[in-house]
2 protein chains.
Amino acid sequence: MNRPLILVSNDDGITSKGIFTLVSVMKEIGDVIVVAPDSPQSGMGHAITVGETLRLEENFIFKDVKAYECSGTPADCVKMARHFVLKGERQPDIVVSGVNHGSNTSISVLYSGTMSAAIEGAIEGTPAIGFSLCDFNHDADFSHTQEYIKKITLQVLAKGLPKGVALNVNFPAKQAEPLKGIRVCRQANAKWMEDFDVRFDPHGRRYFWMVGNFVNFDKGEDNDEWAIANNYVSVVPCMFDLTAHQSIPVLNEDWDILK
Amino acid sequence: MNRPLILVSNDDGITSKGIFTLVSVMKEIGDVIVVAPDSPQSGMGHAITVGETLRLEENFIFKDVKAYECSGTPADCVKMARHFVLKGERQPDIVVSGVNHGSNTSISVLYSGTMSAAIEGAIEGTPAIGFSLCDFNHDADFSHTQEYIKKITLQVLAKGLPKGVALNVNFPAKQAEPLKGIRVCRQANAKWMEDFDVRFDPHGRRYFWMVGNFVNFDKGEDNDEWAIANNYVSVVPCMFDLTAHQSIPVLNEDWDILK
């Protein structure tokens, strides 16, 4: 392959340290174009902007890389990249998203704007990877991730990905010891136990902050939580077909209301 | 079972005709509590509100049903219902969401706020159903859906659902002929082909509307698009484990970078 064309997006916004890390690695691999949110979009899940207008402006923050900031969600960014910015032109060979400031392991994949950008790539039939670091710090240390981001991206460019699959890659926060390697994992069985912190505004009206604890029910060693806890890079192949295929015959057999 | 406790939410907002339809059916089945967005949330996917505050106020629109309006997304509404409104009390026996004004078949399930409320139910281990009508009209005719909403809800209350599964139920827009029945389906292989309608605001600055055509690649008769096109109610069992399990051995075999 000639130099691949790489579309970069994220959900922390175009000025975050994580996207700078990702762009710097991608420049070593191919030609890069960035379309990313103009402000943080964490927790946006697979939201798209249908009832409101969108803005898109060129942004010069990366100097030698063509970049655009978009007022929409990460999924909007990938759609605008393909169907406006690159319309009628060469389409990306790969979509990469991140590096997210914060974990997107386990159930968090559902709420993840980072992964929604990657899944938009997969919907369009393009190999796609979302990268996340399990460290929320704005000035998080990404230095241990770069070597692996490069390896994984090159591997995906060389081998492709199964149809309809995007990768959810998570890195442990930087430890004293180096990373132990890469594990291909399933999504751990875990969830957030929410609570709501009740406060009152200066006008005496009640408002809430969502808070919560992450609870891991999973005893296995083949899941992403285990990998991260053991200082491995976790790679979960994710799909956008949500059908619980194995449940179709169950319902067809059990339900009286089908005829 | 005694009268079940039914949590109702939606994504079109607490004043939509669709949620009135759903509440009216649920009142025949059990005790109802509503926690729904205070404004339309279409296209919100599985978004949650983490970086901003939330509001929740009692709402008296349903007269004989306890109801709350929430400033957040459909997923937020289900979380607030469980972990604030009903905290320490009896939890719902079932979560129902909708009836959405507009289709949530095929790939639209990913972008659907209606289904994110249902999937939040499934994450908490509660049977959950999202209902959608393939008619965007604010004053859409829901009269053909009520009998089926009742049947399906009673069936789920009687039989339960497989672990981790929520149902995505879609109804065809009202036809001259009655509905033909219910089909348990898989998510059709289809996608949106977006385009961006470029406009200029009164200050001469460019903005965009996302538009698009739905393209169905699926030739099968076992999918939700086929069911809707043939005047059946489609029921797709959906799961929140996004892992492409069959791809794990593929990556483990193909990748050189694992050791």
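Every residue, even glycine, has its Cβ placed from backbone N, Cα and C.
According to DSSP, A:D12 (divalent metal cation binding site) is assigned to coil rather than to any helix or strand. Among the features that TrEMBL reports, divalent metal cation binding site is placed at A:D11, A:D12, A:S42, A:N100.
The domain 'Survival protein SurE-like phosphatase/nucleotidase' feature in TrEMBL is assigned to A:6-193.
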Quiz prompt | Proximal to chain B - binding-site residues among A:D11, A:D12, A:N100, CB under 8 Å | solution = none
Quiz prompt | Sparsest-packed among the binding-site residues, when each Cβ's other Cβ atoms within 10 Å are tallied, from A:D11, A:D12 | solution = A:D12
Practice problem: Average the pLDDT scores across the domain 'Survival protein SurE-like phosphatase/nucleotidase' (A:6-193) and report the rounded value. | Solution: 95
Practice problem: Excluding A:D11, A:D12, A:S42, A:N100, please set out which residues of the same chain place their CB within 8 Å of the center of the CB atoms of the divalent metal cation site, keeping sequence order. | Solution: A:N10, A:G13, A:S16, A:G18, A:P40, A:Q41, A:P74, A:G98, A:H101, A:G102, A:S112, A:G113, A:T114
Quiz item: When neighbour density is defined as the number of other C-beta atoms within 10 angstroms of a residue's C-beta, which of the binding-site residues A:S42, A:N100 has the lowest density?
Solution: A:S42
